[in-house]
Every structure is written in C-alpha cells, then in structure tokens.
Amino acid sequence: MSDGEEGTPMKHPKPASSVEEAPITTTPFPDLLSSMQAYYGGAAPAAFYASTVGSPSPHPYMWRNQHRFILPYGIPMQYPALFLPGGIFTHPIVPTDPNLAPTSGEVGRKISDEKGRTSAKKSIGVSGSTSFAVDKGAENQKAASSSDNDCPSLSSENGVDGSLEVRSNPLDVAAPGAIVVHDGMLPDQRVNDERELKRQRRKQSNRESARRSRLRKQAKSDELQERLDNLSKENRILRKNLQRISEACAEVTSENHSIKEELLRNYGPDGLTRLPRNLQEAAGELLIEDDTDGET
C-alpha cells in the first residue's frame, strides 16, 4: 500500500480565486448597436429582447416611417431605411409605375442581398432553429401580392439550420442606358443596313432607268434607219426616172436639130422667119377640117 501510494502523485486542489473572471460577452448585432447609437445620440438604448421566431423584419428601432395600412399576415413590410435613396417604393396594394423606377433591377438585387445579410445575422444571434408555418391561404395571398406589386417575396422552409431563403422578383424593366437589340442587330448596324439597302435600291432604279433609256434610243434609231432606207429607195427611183427623162429630152433635141436643118435646106433662112405664121395657118386649117368632119 505504501509503495502504491508513493507511486501515485497526489492531486492538490485548485486555489479558489478571489476575483472571478468576468465572462466575455459579445454583441450579436454590432451593426444594429452602431445604428442605435447614431439614432439615440449616444444615450442608453432600451432593452431588446430577441424573439424565438425568426422574422423578416429588421430591428424595431429602425422603423422610422410607419405604414398607413395594415398589411395581411405573411407579407413582409418595406422600410425606407433598407432601400436606396432616390427610388420610389409604395404600399404593396398600390401598383408601382415601371416608368418611374428605372433602376428596379439593381434595387431588387441590392434589397435581396441586404435582407439576406440581415436574416443571416439574426439566425446566428437567436439560439436554436427558427421555423414558422404559414397556412396555404396566407401563402397564396403573399405570392399574389408579390407577383402583382413586383415586391421581393420571402419564402421560408423548415430546415436543419433554420436559415431563411430570400428570393427577389425584380421588375422586368430595362435598365437605363441599355442597348435594345432588334432582330439580333445593334442600332448602328440596323441604320447601316438600312442605308445600304437604300443605296442598293437607288442603284437598281438607276440601272432600270438607264436600260429604259437605251431601249427608247434603240427604237428611235431603228425607226430612223427604216426611214433612211425608204428615202434611199425613193431617191434611186427618182434618179432612174430623171435619167430616162434626160435621155428622152436628148432624143427630142436631136430630132429638133435634124428638122431645123431640113427646113433650112428646103426654105432657106427667109423661110424660117415665115415658118411660124405658115404653121399657125396650117394648124387653123387642120382644126377647121376636123370640125366639119365631126358635124357631118
């Protein structure tokens, strides 16, 4: 026994400390504490009791502007402190004009990120898992209100870690400055294509007008060529007639010379001077004879 007792070391009791160590306490919501100090001006804020059920709403001291209407059960309230400045946010019952909220897509994404961070911090601070059941009527009403008013919808499911799933439905409105694409083409390409199409149409119309002008000129040239051929034929015919008349005139002239020579030989030069009178008398006698023959 003595050997066994000598082999085992003796355990000395720990001395009781006169001053107990203070437990280290950490603030679960450092961002809320800073906002409360900024809101109350450094005064002692009121006590805050954590709820056993996770809520999508932020800290109650951040409710600066209360809503005038009471929302149905299950619809999260929208607070101006969580939204970006310059945006337009109305009651879920009142529809929002998409023309007055150009940056709704960015606002929806930022709201979902901010609510996700807030819900994560609350889920860490609350002990245990948080879960709440929403009846089917309230869930349908919440879905209808979120789809009608384009507000971020909050859906919760009973999970192991008790985290909340935040889902946002941003407005289907194009952000300002976005380039609208028509038929897979940018506006500049569309304008260039329209200009090129107009240029091609102008060239085509010019080609058509030039072709019609060539056809008109060709038809006129063919007509003139036909007239030229006709005139050439007529000219050849007239020349032939003139040549024949010239030949006949030459024959008459030669006969006249021969008759004149014969008269000179028969009557002499004096006979030629009396010849026209004699011819007239002879012609008159012939006419008288013809008249008498006709009467008989």
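Placement of Cβ uses the backbone N, Cα and C atoms for every residue, glycine included.
Residues annotated as region 'Disordered' in Swiss-Prot: 1-27 (among others).
Among the features that Swiss-Prot reports, region 'Disordered' is placed at 98-165 (among others).
Annotation comment: Swiss-Prot describes 107-117 as compositional bias 'Basic and acidic residues'.
According to Swiss-Prot, the feature compositional bias 'Low complexity' maps to 145-156.
The DSSP breakdown of the region 'Disordered' (190-223) into helical (H, G, I), extended (E, B) and coil residues amounts to 34 helix, 0 strand, 0 coil. Look at Swiss-Prot and you will find 190-223 (among others) tagged as region 'Disordered'.
The domain 'bZIP' feature in Swiss-Prot is assigned to 196-259.
What Swiss-Prot lists as region 'Basic motif' is 198-220, and the listing cites sequence analysis. Per-residue pLDDT, averaged across the region 'Basic motif' (198-220), gives 94.
Taken residue by residue, the region 'Leucine-zipper' (224-245) breaks down under DSSP into 22 helix, 0 strand, 0 coil. The region 'Leucine-zipper' annotation in Swiss-Prot covers 224-245.
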